[in-house]
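**Student:** Next up is a structure, given as C-alpha cells.
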Amino acid sequence: MDIFQSLKSCLFNSKSAKFLFLSLVTIISIRQICSMYSEPSPFGAEEIAKNIRGLWTYKCINNRCRRTLYNAAEKNSPQVSLNVCKLKCGNPPGSLWPLPTGQVSIDDQSVVINSNKIHFEDISTATKEMDVLPASMYLELHKSFVSRLATETTGRALKSEGYGLHLKFKIEDTSVEKPTLDMDESYHLKVDADNNQQVTTITDKTYFGARHATETLNQLIVFDDVTNSLVMPRRAEIRDHPVYKYRALSLDTSRNFIPIAAIKRTIDGMASVKINILHWHIADTHTFPLESKTFPYLTIYGAYGPDQFYSQKDVKDLVEFAKWKGVKIIPEFDAPSHVGEGWQWADNTLITFNAQPWHDYCLEPPCGQLNPISEKIRWDIGNMDSLIKLWDNFQQRACYTLHQVTATSPQVNVWTNTLTEQKDVERILYKRHYIIQAWTTATDERIKMLAKKGYRMSFSNHDALYLDCGFGGWVTDGNNWCSPYKTWQQIYSNDMSAILKNVTGSEYSPEMEQLAYGASATIWTEEIGEHSLDGRVWPRLAALAERLWTNPSTPWQEAEFRFLHHRERLVRQGIHPEALQPQWCRQNEGDCPDKRPRKPKK
C-alpha cells in the first residue's frame, strides 16, 4: 500500500478525521476562488456598466416587451431600450396609465426631443379673450409639464440635440377656476411633426382637461438609456374623458399626524393618475390638529405637539396647491361621535371620553362623543344611530350653514350607518344633497336598499378599498380587523357597475348605473405615519385610478405590464411605492404570471 492510500485509510477511520479532511479540502478550494478574483479585472465599474447597456435590447413580441441579447451585426435591428419599446408595444401601447377611454393612435416612429427647446405658445394666440386667469392657468400648465418632465432627466447627461417641442393650448371655458364634481375633464391631444418641431395641440373645455392632457403627454415622453436622450412618438392622437366623476382617496390625519409635505406628495401622485378628490379626514377622537382662531383651545388641547397641527395658512396653501393639480379637497370633521381630544377644555361638552375599558363603549380607544344635553353644544344633536329626529335637525342646520358659507347647493358625503338603514331615510337625507359613501362589503344589502331608493353612492367597500388592511393588530396581537391585505388586483377588479348588478339581482335596472358616482380608496392611519404612507397608498391607488377613469372591461392581467411600468414612473416622481414583483418580471413581460386555471371561489 502506497503512502497516499495509507494516509487516506488513516484519515477515514474516524468521524473526526473525516471532518478534518473535508474541512482541509474546503479551505483549499475557497483560497483558490479568492485568488482567482483577487487578480486585476479587465473591467472597471464604468466599463461594466457600458457593457451591461450594450448587451440587451427589447423586442415587442406578442404585445409584450421582451429582453433579448443584442446583436449589433443584425441589419435593420437597432438597439431598443425598455422605455422606447413601451411607447410602441401593446394594444394599446404600454406607457399610458390610466388608459384613455376614447381614440388612441400612436405612431411606431419616434423622434428625439431637445429639452432646451420646449415652447408654450403665447397666451394671446391661444385664446380670443384675455384676462389674468388664463395667464395663471398657462403658467401652472407650463410649471406642471416641465417639472414632470424633469423627473425623466434628473441626474442624466442628455444630448443637446433633437426636435423642439411646441405646445399649443385651446381652452374653451376659462371661467372654471376650481375643480368641481361637475366640471368637464375631457381633452383632445394631437402630436404632429413640422419642420424639426413636434407640435402638440391640446384642446379642452376647461383648464382641468388641459392639465390631464399634459399628464398624458408626459407619459409619451421617455428617457432612452440607449441614446441618452428624450424620445416621443412622431405622431399621436388621443381623445379622453373619465367614466366616473368622483375618483378619490380618503386620508386620515388624526390617528397619526401626516405633515403637509407628505400630503402634497400624495396629491402630486394623485394628479399623475387623474384622481381628483382628496377626502381629508382631519379630526377624530385622537386629536384635533387644525388651527381654530374662533376656538383656539380646540387646537391647544387637541394637537399632538407644538409642530403637529395644520395652521390656517397651511390649509390655504394646500388647497391652492391641490387646485392647480386638479384635485378638490373635501374636509371631514367627525361629529357628533368620534369627538374627544381638543374638547376637554370646555366643561361638560363630552361623554365617554377615554372611558375604560374602552371596548365597552366604542370600537377603538380613545372613546368620545359630544354631549347632546350640554348647553355648550349649540345644536340639538344626539346619538346618530338611534335619535333619528334629533339627527335630522342637526343635519338640516348643518346643511343650511354650509349653504350660507359656500353660497352653493351643498353636496354632502355621509358614511353608511344605522341612519342610512332607516325605511324613511329619504325624509332625513335628501337625495339631491347627499352622496352616500358605502364602507360596507360589496354584497351588503344596504347598497341594494339605497340603490332602489335612488341614492347616489360612492364606494369605499372595505373588502377591496381599505388600504390599511392586512397588517398586525394594534390593540392586541394577530391581524387588524379588516384583514387580509387588499391587493392591487382586487382594487382593479372592484367594478361598481358589477357590484350594483350583483347586489340588486332581478331588481336591477340600467338607470341604477347612474347612481354609482365613483369610489374612494381609504387609508386609516392607526398604524401608518408619514414614512410608511407612500408604501401603503402606492402603487395600489393607481389601480383604482384606472378603474374609475376608464372602467375597463378587461381583467387585471391585461393591465399588469402597464401597471408595473407606471410604478417605476412613481418612483421617479419622488414617491416610495411598494415593490410588486422582482425587477426581472418587468424586463421579461409575460413570464411571471401563473397561467394555470384558477379554481372558482366558493
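Cβ coordinates are placed from backbone N, Cα and C, and glycine is handled just like the others.
Remember, TrEMBL labels are computer predictions, not curated facts.
In case it's useful when we look at the structure, here is the feature table from TrEMBL:
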DOMAIN    96-220  domain 'Beta-hexosaminidase eukaryotic type N-terminal'
DOMAIN    244-377  domain 'Glycoside hydrolase family 20 catalytic'
DOMAIN    390-551  domain 'Glycoside hydrolase family 20 catalytic'
**Student:** With DSSP as the yardstick, break the domain 'Glycoside hydrolase family 20 catalytic' (244-377) down into helix, strand and coil residue counts.
**Tutor:** 36 helix, 27 strand, 71 coil
**Student:** Can you tell me how the residues of the domain 'Beta-hexosaminidase eukaryotic type N-terminal' (96-220) break down into helix, strand and coil by DSSP?
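**Tutor:** Secondary-structure composition of the domain 'Beta-hexosaminidase eukaryotic type N-terminal' (96-220): 39 helix, 38 strand, 48 coil.
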**Student:** Over the domain 'Glycoside hydrolase family 20 catalytic' (244-377), what does the predicted model average in pLDDT?
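**Tutor:** Its mean pLDDT is 95.
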